[in-house]
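Participant: Here you go, one structure.
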C-alpha cells in the first residue's frame, strides 16, 4: 500500500509489458509526435520555427530520443511518430514535406528525420522504457513535384508507371464512396496520386512491404493515413501481413459510417466523438447531452469502442486550446479523452496549451520552444490521469474491456464509471467553467456503498459517499473530479514482463 499523499503526487508503480496485440494496445495511452516539430538533435530550445513557411524546422529521431523522458514522465506508454518513408527533396507548391505524408519511395527513409540507425535506436529506447512505437503510414497515395496534368510516374518507387494508379479525378462529392476511393486527394497544385489498391500487383507489393517495415524497426502499431480513401477490402490482408495493431484515419462525424471500418481494421480514429466533445466544453452553453448521445451511439454501433483512438485534436484540427480557450473547460475535455472508452491520444503541445488558431499549418508549432516544461498545469493533470489509468487497470482486471457507463448527466455535467464494484473509478465532468458559483452536484447511483471514502485524484481531496450511494461534490472551481476509493490506493506487487515481444506482433497533411 502507498500513502494517499504519495499517490496524489503520482509516486505510482510502473510496469513494462511488451506486445502489439489489440488487447495490449487497449491498455496504452499515446502521445502523438510530429517528428520535425518535437525536438532537434542539438537540443536548441531557441531555434525558430515559423509554421506559416511550411518548412522543415529540424526535429529528428535523435532529438526525440534525447527527450523521451518528457513523454514517459507524463505517463504515456506509446509514441506515434510521423511517416518514415522518403518524401521529395524539393519544395512543392504547398511547402516542404516536413510532415512526412508526401511519400515518393516506399523503400527509402526520410533522411531529414535521421538515419536508419537513429530510427532503430528510437524503437529500442522506447522499448527499454516499456513503451510502444506507433508509426504513421500512407497507402492511399504518393506525390511527385508535378501538377495534376503532368505527373511523372517514373519518380515514384516502386510504382513507377501510371498503370499502378487510378486516373486523375477530383473528389467533388464526399457522399460518393466510389469517388472517395478512386479520386485523388490534395489539389491541382500538389496532387496526391491515388494508388489502385485493387491491382493484384499493388496488393502483393504492400503485403510484402509492411511486415518487413514492422520487423526492421520493431514497430508495435500502425496509424494508417487516409484509410477511408482505400477500398475496405484491401485492409484485412494488409493488417494480417503487418501482424500488429492498426488504427485507420476515417475523417467523418458519422458514427455508423466510421464504425463500419472496424470490420476491416482493428481501430479507427474517433472523429465522431471529437466534434461533440469540443462542442460540449468549448463554452458554458455547450451540449453535454449531444456528447452523451454520441458516446452511447459509438458503444452500440462500433465493434469495439474500447479500441478507438480518442483525442481532443491532432495535426489536422485546430488546437484544443483554440477551440476550448478556458483552461478549466479544457481540463474536462481532456479528462474525457484520457478516462473514457478508447485509447487516449494527446497531440504534442496540447499539454503546453499551444493555441494555433487554425489547423494546418498554424497547429504545427515546434514543441522545443516550450522548454519541455513539466510544471505546466495540463502536463501535471495529464500525468496524474495517465498514471491512475494505468494503475487502476492493473489493480482491476475488469477495467479495460467493459465499456464506460455514463450513469448520470444534466445540462452542465456528466458522471461516468469504469471498473467494477468498490474498485471502480468515477469521473464527474462539467462545462460550468472556473467562474461559476460553488455549485454542488448530487450524483445518484454511484455504485459505491454509503460511507465509502473516495479520493479526488486531481485535487487530492476526500469525498464521502452519502446515503443510497449518492455523491455530493462541489464543482464550483470548474475542474473535473476523478474519484477512487481510498482503501484501494496501492501498487501491489505487479510483476514486470519484459519478454516475448513479437516484432510482427497535402495539402491534406
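Here the Cβ of each residue, glycine as well, is placed from N, Cα and C on the backbone.
Automatic, uncurated: that is what TrEMBL annotation is.
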Participant: Do you know which of 127, 157, 229 TrEMBL groups with 140, 181, 194 in the Ca(2+) 1 site?
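Facilitator: Record check against TrEMBL: Ca(2+) 1 site with 140, 181, 194, extra candidate from 127, 157, 229 is 229.
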Participant: Pick the one from 62, 201, 364 that TrEMBL also lists for the substrate site with 102, 141, 223, 316.
Facilitator: 364
Participant: Using C-alpha atoms only, work out the spacing between residue 141 (substrate binding site) and residue 249 (active site, proton donor) and round it to an integer in Å.
Facilitator: 14
Participant: How many other Cβ atoms are found within 10 Å of the Cβ atom of residue 102 (substrate binding site), counting all protein chains shown?
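Facilitator: For residue 102 (substrate binding site), the count of other Cβ atoms within 10 Å is 30.
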Participant: Taking all residues of the domain 'Glycosyl hydrolase family 13 catalytic' (32-389) together, what is their mean pLDDT?
Facilitator: 97
Participant: Mind giving me a neighbour count for residue 225 (active site, nucleophile)? Other Cβ atoms within 10 Å of its Cβ, every protein chain shown.
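Facilitator: The Cβ of residue 225 (active site, nucleophile) has 23 Cβ neighbours within 10 Å.
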